[in-house]
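**Q** Below you will find the structure I want to go over with you.
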C-alpha cells in the first residue's frame, strides 16, 4: 500500500525522496529493478512469476529519469496566468464552501436521492481546486512528475457528493505529507516553523471549535429562554430579560406568578388583571399565537435556506463520521439556520429538545474551522477526527457534561476514534464547557443543567425499583421507536411529506391547544424536569409535589424520624403528571422527524422523570406505611426521610433515555454530570443496563440507528456481528459468467476509456494486463480518470481519441500514431484484494475496521470481480430478510 502511494505521489518530482524514507521500500524497488533488468521481455508475460501475484511485474517496474523525459505529461504546462484562469474555471462550482451552499439551497436529501439524481450528479460534479495532499504550496507535493507545486490537477483524490471515502488511502496520503514535512524541517527556519504549525494545528483547531461551540450554545440557550417566556408575558423595564432575570429580586417560583411585580403577563399589558376568565382566555390565545409564529418561522427558514437543518442530525453525523460524504450538511448555512431555527422550535413549545441538535451545530463548527487547516479540511479521513471532537463539544455544551460528551462521541457517533482523537475531544469539550460556564446561561452558580443535592444515601432494597425503572425505560423506548418509525414511513411515502410547513403548523396548533390547560405541559420541559428532580424541603409549599402532611414521632429506639403522608396536592399533581406523560409521549412521536430542528434527549428525560417520580412517591409511601419490614431494619434510624423520590426521577430519566438511544456508559456519566449526583452511579448503572437489555430484546436498534436504516444511509454498524456462512464469490459483482468492466494497462485508447465511462456508472475500474490475461495491475477511480483525461486534452498537444492510455512506465516500442497518455500516477497499485473463497464475515470485518470503499476479488491472481460497500450493505440486508433496495448509495 505504501509503495503504491509513494509511486503515485512523488515529492516535487524527485522519486528518490520517497524511497529514502523507508529502507524496506528501497530494497523492494531494487529487487524490482533487478527483475526487470533480467527479464525485460517477460515483463508483460502474465505467466511470469511476479505477474501471478496481486499485481503483475509489468506494473511494478520503476520509471527512470530517462523515461520521465520521454513520457507525455498530462500536467498543465501553461503560463501562470493560464493556470490561474484554469483554476478559476473550476472554482466557480467546486470549492467546498460553494458546494455546501449550493446543496443547502436545493431540495431535501430524499428529493436529491430519487431515481433521477444519479444522472444529475454525473453531469454536475463539484471539483475542488486543491490537490489530494492539501495545500501543495505548503507541502511542496505535486503530481505526474511536475516540478512546480501549483501545477497539480485540481480535484485529484477528492470525492463526489453521496460517495464514501477510502480511509486507507486518505490516511496514507497524510502519512506521506507528514514524512515530507518532517524531512523539510532541517532545510530552513521557515520550514521548521511550518512543521511546528502542522504539529499543533490540530490542537488549535479543536480550541477554536470549543470556543465557538460554547458561544453558540450560550446564545441558543439565552435566546430560547427569552422567546419561551415571551409566550407568557414581557418585562417592560427591559424587554430583553426573560422571566427569571426580570424577577430575580423577588426570587419568584415557577408556580407563583403573583409575587413578581416587574414581570407583566399579556392580560396585564392589555389592562386586565392577572386572574380571571378574561385574563385566562387572552393568555391562552397569545400562547398559541406565539407558538404558531415561532414554528412557522422555524419551518420556513429550514425549507427555504437549509433543508439539512431539520431533525436532530445525529443519524447523519454518525453516517458522515463512518466515511460518507454529504455536501452541505455541515456547511455555514446549515449552522446559521439550525441555530436560529432551534431557538424558534424550542420556543414554540413543541415536544422536542435543543440538546441533540447541539451535536449537529458543533459538528458544523468543526467542519468550518477544519477548512482553515488544509491538513484537515482537504483530507476527509483527518477531518473526521475534528468532527469527532466537535461532537463531544456539542454534548458538553448541551448538558454541561464534558466527560459525558467525550464518551458519547466514542460510544455513539464516532466510527474511527484513535487515542489522539480522544485527547483532543477531551480538550475541545473542556474548552466548550468553560466558555459556556462563563456565559452562565443556566442562571445559577453551577455549570450543569439540573443540579441536585441529595444527602440521603440509597439502600440495597432500592435496587429492585431501580431495575424496575430500567425495564420500563426499555419498554417505553422500544414502543416510542416503533411508533415514530411507523409515522416517519407514513410521512415519507404519503402526500403529507409534500407539505412540511403545514405539518409543523398543525402539530404546533394541537400541541398549544392541549398543553396550555395543564400547568405541567405548559411549563418549559427543562423547568419541569428540574422540578421532578428536586427534593422537597420543609417549607416548600410552592411545589405541588411537596404537599405532605409532616410530623415527627419517636420510635422504640427513641430516635426521632420524620414520616410523611401525602396531601391532596400530591394526588392532584400525580394525576396531572400521568396525563402529561401520555400527552408528551404521543406528541414526541409526531414531532420527531418534522422539518424543524428537533432533539430527543429532553423529551426522553422528561418521560422517564415523570415515571420515576411517581414510582419514587409510591416507594416512599410504602416505607412510611411499613417501616418495620425486614429490609428496612437498621435504615430508619438516621433521623431523615428514608426514600428520596427525586432520585427515582433521575434513575427513570436515565432508563428511558437509554431505552430510546441504547447508550450505557456515556449515559451514566452524562446523568451524574447533569445532576451532580456522583454518589448514585450504581443505581444509574443498574437502570441503564436493564434498559439496554430489555430494549435489545424487544428491538435491536436504537432511535438513531433506526433512522439511519429508514433513510437508507450506507452505515455498517461495528457493534453488530455478521453470522452468515457466505463467501466473497457470492457477493462480488459481476456474478460468474458475466462480463467484468476493466481497463487494460496498455491497449485502450482515449475513445475506449470515454466510452467505458459513458456506458457504466462504476466509481472505479480495475486495471488488468490484457483482456485475455486478466491479472490484476491496480485500481483507478472514475473521478481521477475523468479529471486526468480532461486535463490531458486541455493542456497537452497532439492528444486525440486514438491516443493510447498507458498505466505502465514504458511506452510501446513503436508509436507511429498520436502521443500516448501516461496515467500510472493515478493508479492505485496496491488495492485491497481477497480471494473468491474468503468468508463474508472476514470481508465485512475488513470493510468495518479498515474503512474500505471497495475490495477486488481474485482467484490464483486473476481478477474475478469487485465488492463495494453497497454490495456488502445489500448482502447484509438480504441475509437479514430486509429489502436491499433501501440502501441509498452512489
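Note: Cβ is positioned from N, Cα and C throughout, glycine not excepted.
TrEMBL does not curate its annotations; it predicts them automatically.
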**Q** Would you mind telling me which of 236-260, 361-385, 386-410 TrEMBL tags as transmembrane segment?
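**A** The listed stretch tagged transmembrane segment in TrEMBL is 386-410.
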**Q** Which one of these stretches, 145-163, 164-182, 316-334, 335-353, shows up in TrEMBL as transmembrane segment?
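**A** Among 145-163, 164-182, 316-334, 335-353, the range TrEMBL annotates as transmembrane segment is 335-353.
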**Q** In TrEMBL, which of 531-553, 600-622, 692-714 is tagged transmembrane segment?
**A** 600-622
**Q** What are the DSSP helix/strand/coil residue counts across the domain 'CBS' (823-884)?
**A** 26 helix, 18 strand, 18 coil
**Q** Can the transmembrane segment (642-660) be said to touch the transmembrane segment (422-439) if we require at least 3 CB pairs below 8 Å and skip pairs under 6 apart in sequence?
**A** no
**Q** Verify whether three or more Cβ pairs under 8 angstroms connect the transmembrane segment (667-690) with the transmembrane segment (459-481), leaving out any pair fewer than 6 apart in sequence.
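**A** These two stretches do touch.
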**Q** With the transmembrane segment (281-302) as the reference, find which of 200-220, 335-353, 386-410, 667-690 contributes the most Cβ pairs under 8 Å.
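**A** So the stretch in question is 335-353.
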**Q** Would you mind listing the long-range same-chain contacts of the transmembrane segment (422-439), meaning Cβ under 8 Å and 6+ residues beyond its ends?
**A** 202-203, 206-207, 209-211, 213-215, 217-218, 222, 362, 385-386, 388-393, 395-397, 400-403, 405-406, 409-410, 447
**Q** The transmembrane segment (667-690): which same-chain residues, six or more beyond its ends, come within Cβ distance under 8 Å?
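**A** Contacts of the transmembrane segment (667-690) (Cβ under 8 Å, skipping residues fewer than 6 from its ends): 395, 399-405, 407-408, 446, 448-454, 457-458, 462-463, 466-467, 469-471, 473-474, 533, 647, 650-655, 657-658, 661.
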**Q** Count, for each of 200-220, 335-353, 570-593, the Cβ pairs lying under 8 Å from the transmembrane segment (386-410), and report the range with the highest count.
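**A** The listed stretch sharing the most Cβ pairs with the transmembrane segment (386-410) is 200-220.
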**Q** Please report, as numbers and ranges, the same-chain residues at least 6 past the borders of the transmembrane segment (335-353) whose CB is under 8 Å from any CB of it.
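**A** Contacts with the transmembrane segment (335-353): 216, 219-220, 223-224, 227-228, 230-231, 287, 290-292, 294-295, 297-298, 301-302, 305-306, 309, 313, 360-361, 364-365, 368, 507-508, 511-512, 515, 525, 584, 587-588, 591-592, 596-603, 605.
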**Q** Go through the chain and flag residues at least 6 beyond the ends of the transmembrane segment (200-220) whose CB is under 8 A from any CB in it; none is fine as an answer.
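**A** Residues packing against the transmembrane segment (200-220) from afar: 335, 339, 342-343, 354, 358, 361-362, 365-366, 369-370, 372-373, 375-376, 385-386, 389-390, 393-394, 396-398, 420, 424-425, 427-436, 438-439, 441.
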